[in-house]
Amino acid sequence: MQGYLVLEDGTVFEGKMDEIVSPVKGELVFYTGMTGYQEVLTDPSYKDQIVVFTYPLIGNYGINDQDFESKKPQVKGVILFQLTEHYSHYKANRSLKDYLQKWNIPYLTNVDTRAVVKQIRSKGTLHAVISKDKQYDSQDKLSDFPIRDVSASEIETFGNGATHIALIDFGFKKSILNSLLKRGCKVSVVPFHQMEKVFEIKPHGIVLSNGPGDPKQMKNYFSTLNQLMKQYPTLGICLGNQLIALSFGGNTTKLRFGHRGANHPVIDQKTGNVFITSQNHSYVVDKKSLEKTPLKLRYTNVNDGSVEGLEHEKLKVMSVQFHPEAHPGPEDASFIFDEFLDTYVAAGREKVYA
Ligand SMILES: NC(=O)CC[C@H](N)C(=O)O
């Protein structure tokens, strides 16, 4: 049957719906990678968003048990051109369609995704509704505190390595945890609302995770974050990068339509190296606002010059807007974890136990 994607500016796109669903509302964003749909759907940073996949054929390697970034799909809905049921991959055990249906995630196929992206590109990110009717009206609400919906409720510890990292959870991706475990860390995942417990845990370092929505929703926590960073070597990833900037007095703004894909070139201003990164963000640190902070610009986006990473001038605090854990995407940036653990955390150990 027919289904519709109705944008808040009144534009309507037609598609095909397999089953009738109650209308869902979300922020309409597009992901440009050719692969990675399983990771995208389950990345908690996509909470409350309707994702348009720009690659025209999605689902051809199915869904497997390893590549989930969290326990369930986090997106509000999915817009595709072709959703194939014929999948082939040695790890796959079900089709993408079965997976979306099992979790009641509405999707529309046969949509002219190029036209949708052009609309977002010229108008900027918009809210939209997936519905069987051509109506924007919907009972569905967007959360004003999506981090609360995706963060863990209790502290949980993984691994038994010698280096203990507190991963502050704003909706962390499993591959951030895995990147730390793979490097021999013991990792305590600390829900954001218990971040002051890090002072009791006394880790060797802190990682501030990715997470959904506007980083300013965390404003009540900026002073605690600031205190933590004065005491522990810190790495911020994506939302974590934005929170670091805000906690030191910088500002964030919203990009017109965000960076979501697996091929965003970034330049390291220190070394001149360019590498390709995986990205998923709408907000960005305001470069000018860094002037009044103790933070220095380390990485910038080659395409639009936006801020991609920071370093504190004195403290052992570093952050990146891109995703060094990749998943999906190239692993060019995995050196970020090594740099943090080998340089920042190793050097910070004595200080923690002094
Ligand atoms: N992946 C993330 O951590 C995203 C951060 C933030 N929610 C943004 O959209 O910019």
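Just so you know, glycine gets a Cβ as well, placed from its N, Cα and C.
Annotations in TrEMBL come from automatic prediction, not curation.
Sequence annotations record features per position, and here TrEMBL assigns domain 'Carbamoyl-phosphate synthase small subunit N-terminal' to 1-131. The DSSP breakdown of the domain 'Carbamoyl-phosphate synthase small subunit N-terminal' (1-131) into helical (H, G, I), extended (E, B) and coil residues amounts to 27 helix, 42 strand, 62 coil.
Sequence annotations record features per position, and here TrEMBL assigns region 'CPSase' to 1-164.
Under the heading L-glutamine binding site, TrEMBL lists Ser45, Gly211, Gly213, Leu239, Gln242, Asn280, Tyr283. Long-range neighbours of Gly213 (L-glutamine binding site) (same chain, six or more residues apart, CB within less than 8 Å of its CB): Lys47, Asp48, Ser143, Phe145, Pro146, Ile147.
Annotated active site, nucleophile per TrEMBL: Cys238, in sequence order. Residue density at Cys238 (active site, nucleophile): 28 other Cβ atoms are found within 10 A of its Cβ, drawing on all protein chains shown.
Long-range Cβ proximity for His323 (active site), meaning a same-chain Cβ under 8 A and a gap of 6 or more residues, is found for Lys173, Asn210, Ile237, Cys238, Thr277, Ser278, Gln279, Asn280, Gly329, Ala333. His323 (active site) carries a strand DSSP state (E or B). What TrEMBL records for His323 (among others) is active site.
Look at TrEMBL and you will find Glu325 (among others) tagged as active site.
Checking the recorded positions Gly213, His323, Glu325 against ligand 1, the ones with a C-beta less than 6 Å from an atom of that molecule are Gly213. Around the Cβ of Glu325 (active site), 27 further Cβ atoms fall within 10 Å across all displayed protein chains. Our reading of the L-glutamine binding annotation (Ser45, Gly211, Gly213, Leu239, Gln242, Asn280, Tyr283) yields a largest Cα to Cα distance of 13 angstrom. For the pair Gly211 (L-glutamine binding site) and Glu325 (active site), the Cα-Cα distance reads 14 Å.
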